[in-house]
Amino acid sequence: MVDFALTHAWLVPLLPALAFVIIVFLTRPWPKLSGAVSIAAMFSSFVLASSVAYGVFTNPGFIERPLIYSLRWFGMEGFTVDVGVMLDPTSAMMLFMVSMVATLIQIYSTGYMHGDPQYSVFFSYLSLFAASMLGLVISSNLLQMFILWELVGLCSFLLIGFYTFKISAREAAKKAFITTRIGDFGMLLGLLFLQIIFGTLDLAGLAERVPHYEQYGISLGLLTLIAILVFIGPIGKSGQFPLHVWLPDAMEGPTPVSALIHAATMVVAGVYLVGRTLFLFSEVPGAAEVIAFIGAFTAIFAATIAITQREIKRILAYSTVSQLGYMMLALGVGSLSAGMFHLWTHAFFKALMFLGAGSVLHALHDKADVWEMGGLIKKMPITGWTFVIGGLAIAGIPPFAGFWSKDEILVVTLEYARQGHALGYLLFFLASFTALLTAFYMWRMIFLTFFGKEKPENHPHESPLSMTFPLLVLAALAAVGGLIGTPWANVWGKWIHFGHPHHGEPNYGLMFFSVALAVAGIGLAYRLYYQDEEKKLAKQLAERYQPLYKLSYHKYYIDELYQWFTRQVVDASAAVFYWFDIHVVDNIVNGLAGATKLSGQGLRYFHTGRIQTYALVFFLALLVITVVLAFGSPTLAGSMGGVHS
Amino acid sequence: MDNVYSLLAFVLLAGMILGSALLVVTLRNLVHSVLWLIVMFIGVAGTFLLLNADFVAAVQVLVYAGAVCIMLVFGVMLVQRPNMEHSNPINWRFKLAAPLVGGLFIVIGLLTAKSQLVVSGQEVPAQTVQALAPILLNDFVIPFEVAAILLTVALTGALLLVKEVKANGNGS
Amino acid sequence: MGTALNPSYFMVLSAALFAIGLYGALSRKNAIAVLISIEIMLTAVNINLVAINKFLTPEAFIGQIFAIFVITVAAAEVGLGLAIIIAIYRNRHTVDLDDFNWMKW
Amino acid sequence: MSLPILTITLLAPIVAALVIVFVPKEEEKLCKWIAAIGTGAALLLSLYVYFGYDQSVGGLQWVDFGGPVPWIKDLGVTYFMAVDGLSLPMLLLTNLIGFAAVFASWNVTHRAKELMIYLLILIAGVMGTFIAQDLFIFLLFYEVVVIPIYIMVIIWGSSKRVTKEYAGMKLTIYLLIGSAFLLVGVIATFIQSVLITGQANMSFEGLARVPFPEDFQIYMFGLMLIGFGSLLSMWPLHSWSPDGYAGAPTAVSMIHAGVLKKIGGYGLIRIAIYVLPLGAKFWAPYIAVLGVIGVAYAAMGALAQKDLKYVVGYSSVSHMGYVLLGVASLGVIGVNGAVASMFAHGVMAALFFSMIGFIYEKTHTRWIPDLGGLSHQAPRLSVGFMMAGMASLGLPGLIGFVPEFTIFVESFRVFGWLAVLAIAGIIITALYVLRAGANTLFGPAREEYRQVKDLRGAELVPLVVLGGVLVIGGLLPSLLFDMVNSGVAPILAHIQETLQIGGR
């Protein structure tokens, strides 16, 4: 089984793809059947992925020498692209995680989407998404990865815009696609550079060649540029500043989508890509620094926005952006292990919280403002308590999952600073402060939503088992999922690392510091939003720091800026181009046509319509020609001179 | 002395042809023009006889002097108003046309004078019809048939044209 | 050559007849007169053909056959031409060619 | 190989057209079925030829009548029908789109019989240009194409920003002016070849072997560039494209954008570059610049449009910019990409236009602000539209991406940062395609389109055929690329050889 799984890992993405085809062409009219097909395929895929993971994690050889098999996709002289499978601990972990979360979320969706007229379509999209994402994870080639990366983006577009009757959903879908497209443009350029310079896009091949870049005749500067170009892709996909704007809007999609795509899987594709190409970034310290800074900045930036948002899914979205920044930071300071670890734990607790939020929305009939909720934990105990577990995990309270991964990131950042990197301590400070803010805004949300006074106008009820079951599973994972990466027995770091495995001594001081931050954040939230039943203090603070509050509430007006740019710059220049086209280019053409017409109009007066005049002119011309031919030129006249028999 | 007679005949025929042709194109009365046209055609037929082309001469008399002229007279009568006196006016172009045709005549004449024609010296057989028939019905059978079709088509076309207009005339 | 008949005579005769016909075709207003003038021009050509046949290629008879074809076509042409003129006359009540100017611009 | 299969393929639509001539015009359905059978037969035959072509051997295959059949001896014109890896994709494309176009016109009731006849003549004409290996025959078919186009636009077109008469005239005149320049270049080239070699030969292969002097090549290439460029809607000779497509009926837009335009690119490679490599080398940078301008300029133009057909019209100009860029790279990878891109664009543009045609048929408008929410009433239509749009913006997994990427690889290597501007076009493309697509299909369902019916029966054929090709070509690009490569590689090898000899 395990050997079969290892050699047939391509079946993992193929099964959901098949499910997609089956649903689209066969079972669309029967929603229940479609859902069953989709879940069955996904679950088989999960089983297979587990076997793959088992196979990989029992064979340490895969750490250094990944299992790769591929076949030629297309090619020509000087440019061949293979597609294939590359299995190492990192991809096996992702494979396992993605297929599991996807399975859980599909189960959840049977409850959440119950009765939706587009039920089958929804499951077909989910299947297609899972197929693309799993394919991305096992890609052995950057172009293959890019292709699936784009397909993932397409699914995201379709799923965000799933409620097609909502204009906001439509706009959000467009925004998501176009914003990530900008990132893809940079990435595409980077890939082109890599292809042209190194002659391959195979990850293994590149990993071999990039360290010897000087032999390929390029400077460190160019390599830095390439690395940054490649990184623009993840900036778009993983919602890093300044291309983060689409992610919060993406919450227009159904909640399972938000959980699956915009928390657990797709958005981490960027992180995963950076992890996959870390051989490139580790060569160029400049690019790595850029990543670290963008990561850290995104983390704090999104956190400051999240503290004032009112919609439950939006808060979670900004928290996602912030956590993704965290992962990037870890990768930027050179620790694949820490970044992937946070990706792993984050997938569980964030999926959990999104699904919990979905459960809440389901119960409250899509009322999303946290200020209008309260006391829900009494009516929805499973949702509430699992949500609390998620909150503890993300805030970084031991022994929940988030603590270990966050601690790991703080450790590596501190080490990075200690190695004498300029501004390394700034990174550490940003990371720590973000941790504090994270705990604060998460618990602000939890207190407002689940605790405090019940609102009489709400009639919440607990969700069905199909929805709570995934919550319970995810809660369990969020609680214990981090234990494989404790500093005392770092199984995680042993398997998933780049370069030399990380053997950090447990840093108790830092651990304490991190817990203190989390507790402080929670405490602050407790003081402001639980103890203070009228929330007077919170309101007062908002009053006093009105400009800051507004800045945060309006997300630093970045959306407005982009909108202004699109409207006033892009559209306006498009209008200018169009004006130029119909008034200049076209008028040149029409002018030529007009000139022709005018000359025709002038010449037409020669056409008197009197046939005898024509004949007169004809014979005059004949006479002239005859005279010229016969008497003008001696040679011609000679030839005209006689009739020869 | 054959030569002298034939020369004399040529001069007389040429005078008859050119004179009547000039009258055709200058007379004001169209009916008179047509009558002089018959004279001209007969003159031409005489010329053909002079040229040992008896069959062509016969055809000339039959077709031109006979059929065509009759048709023309009918045509004139069908379209012309009762007043025949000025039925054939001259337009402004004659001032240009006269020098033009004069020039054309001179040029052709000059070219003819310059040409060195190689006269074969052989005589044309006296009986041309026997010689013509096999050529016309063997070598030229396809053009011959095409000409026949052309005539039929022309006849039908003419009928159609005239008939159609009549129908329209009734209708309007 | 003396007094013997010469092809040049016939050619000049033909040229003169052609010129007269052309003059008529260009200068008359009446469409039928123009048709008549065209007949004169065709006849002129026929004289030429037959004359060349006699003097240059007496054996071949091509000239005479050509003349016969020309006569045939001319007859057809007169028939059709007259039909057209009559048709136009029925519609326009004129045979003056200068009034036939609806083909202009 | 005794059967002249290419000639049969060429004749299939013509025979169908002849049969339709004898069908009473009231029998519209029968006319359409005959047209469908004719184009379907041609499609099957061309598929047979495509998959029967031996790529490992390469070169001209499926030669009709065993070789060139002399036609006009004095001019060296021969009836020479054969295909190689360059013409085969185009042949297949023609028949795919032709077949789909018949079904896209399924609902036309106004003079349907004549429409089908012209459509079939058009298809046959386009096909002929691609399988002719003789310059004269190529031009002959090229001119054949012009006539039905004009008539079809005038009779079945629609007037929006410009009247259909204006659009038809513009389209036709551009085609004719292009062909006039082309003709001058071709005739001069032919005469020069006679002067150099002393014998008349009009086949492409024969002409390619003639060593033309460099100056001559440069001038002639310039002429041909104007000719083929205006056909390919190369900036600034593109302005017929949006107006023409907007005015034309669906079938004409499909065939015109889908394949007729590609005659320009095909001719550029097959005739201009193949016969005049030194001229190509001189002009390549200019072509690249014009291509890049075309990409950016037309993409911006498309962004400003509100009429769906104008969006696609400008977008096709933009895509042709990529093709030009690929051609201008004069490298195997780039030219491969350009040819594959022509194929890809043909399929997607045809699908786009057929879907727009259906939208127009059902809603009587193409004005984007008036549309919206169609995905509720017409999900299949929306799928087709979105597929075309996604292929157009180069979504991987559909046919558009790999050719585009291939072009990028080569042009980026050859032209460096110039190509970046073109690559940036993908962002603008995404912007306008998504705007057009999302605003038409998504959003709240509109009351006035409540009665809109989804695609059914015969209307599904364009979606199935072209959409299927989009997906298959996207997932298995080697099907297309191996074929293209077998045709392009020898041509470029020949060019490289010439350049090395003539390069001095």
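Just so you know, glycine gets a Cβ as well, placed from its N, Cα and C.
TrEMBL lists A:73-123 with the feature domain 'NADH-Ubiquinone oxidoreductase (complex I) chain 5 N-terminal'. Annotated domain 'NADH:quinone oxidoreductase/Mrp antiporter transmembrane' per TrEMBL: A:139-417, in sequence order. Under the heading transmembrane segment, TrEMBL lists A:6-26, A:33-57, A:91-109, A:146-165, A:185-204, A:216-236, A:315-337, A:343-364, A:385-404, A:424-443, A:464-488, A:508-529 (among others).
Taking every recorded stretch in A:216-236, A:385-404, A:424-443, A:464-488 and counting its Cβ pairs under 8 Å to the transmembrane segment (A:91-109), the highest total belongs to A:464-488. Across the candidate stretches A:6-26, A:185-204, A:216-236, A:464-488, A:508-529, the maximum count of CB pairs under 8 A to the transmembrane segment (A:424-443) is reached by A:508-529.
Same-chain residues lying 6 or more positions outside the transmembrane segment (A:508-529) and placing a CB less than 8 Å from one of its CB atoms are 395-398, 403, 406-407, 410-411, 414, 432, 435-444, 446-448, 452, 487, 535, 537-538, 541. Counting residues 6+ beyond its ends, the transmembrane segment (A:385-404) has Cβ neighbours under 8 Å at 319, 323, 341, 345-346, 348-350, 352-353, 356-357, 377, 435, 438-439, 442-443, 445-446, 449-450, 468, 471-472, 474-475, 477-483, 485-487, 511, 514-515, 517-519, 521-522 in the same chain. Same-chain neighbours of the transmembrane segment (A:216-236): 146, 149, 179-191, 193-194, 197-198, 209-210, 242-243, 269-271, 273-274, 277, 280-281, 283-284, 286-287, 290-291, 294, 328, counting only residues six or more beyond its ends whose CB sits under 8 Å from a CB of the stretch. For the domain 'NADH-Ubiquinone oxidoreductase (complex I) chain 5 N-terminal' (A:73-123), the model's pLDDT averages out at 85. Summarised by DSSP class, the composition of the domain 'NADH-Ubiquinone oxidoreductase (complex I) chain 5 N-terminal' (A:73-123) is 29 helix, 13 strand, 9 coil.
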